[in-house]
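Shown next, in structure tokens, is the structure this report addresses.
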């Protein structure tokens, strides 16, 4: 199973390197359901691995000049504080609540990605400091609580509320993910029993994958990747919920999500206008 975990870590790294997010949203289910890691240890492991992986990928994106350092520092600084607090509070929340919250957030976020408003215009607008701090603290607190690096939330937030172009959002999210993942890990590590060997293997393969993803990302349509990834997130979220919810309730959640996704839209997250 460790070999399978290593292979999946490689794939997760590629996703993170290409999309600037999605690492922990896939890493946590892999650790819990494939490698059978205890949920609290899986959350801490996920945060550490995603932090390392994002840091490696960030170096490649930074060379292309896509990182918005000022906004990322403001957002990321607040996210670090929120992630640490979330990590410290996580042991007070029942495991089933953490997993259901994580799964539900996966589904909701994927729906937003598939149906959200278009990408910001070419003219960049400055975001007020207090807004960047508030958004960062909120995203960081949630990611620290449930063990997510936060990229699956950060990228939409940076595009929809931060005024960043997609490639800027992807690159800047890696800076934020690095900061808040390590902060969240610091909050979790005190009450999680980690396996150093497992952490080393998963982190190494994920980091290598992130390098490949960063190099491949510029050759692949961001819109196509985003939509494929969003559908993958829907599937993973429903899978996690299937482990925690009764079947009738799961079917209701799935029907609602698919109904919203399939409803005719006025636009898309990727920025393409709807056909008239």
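Glycine too: its Cβ is placed from the backbone N, Cα and C atoms.
All annotation found in TrEMBL is predicted automatically rather than curated by experts.
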Checklist outcome for this item: Checking 7-35, 239-267 against TrEMBL, the stretch recorded as transmembrane segment is 7-35
Item to check | Which listed span TrEMBL calls transmembrane segment, if the choices are 176-196, 197-217 | outcome: 197-217
Checklist entry - Between 7-35, 41-60, 72-90, 197-217, who has the most Cβ pairs under 8 Å to the transmembrane segment (96-114)? => result 7-35
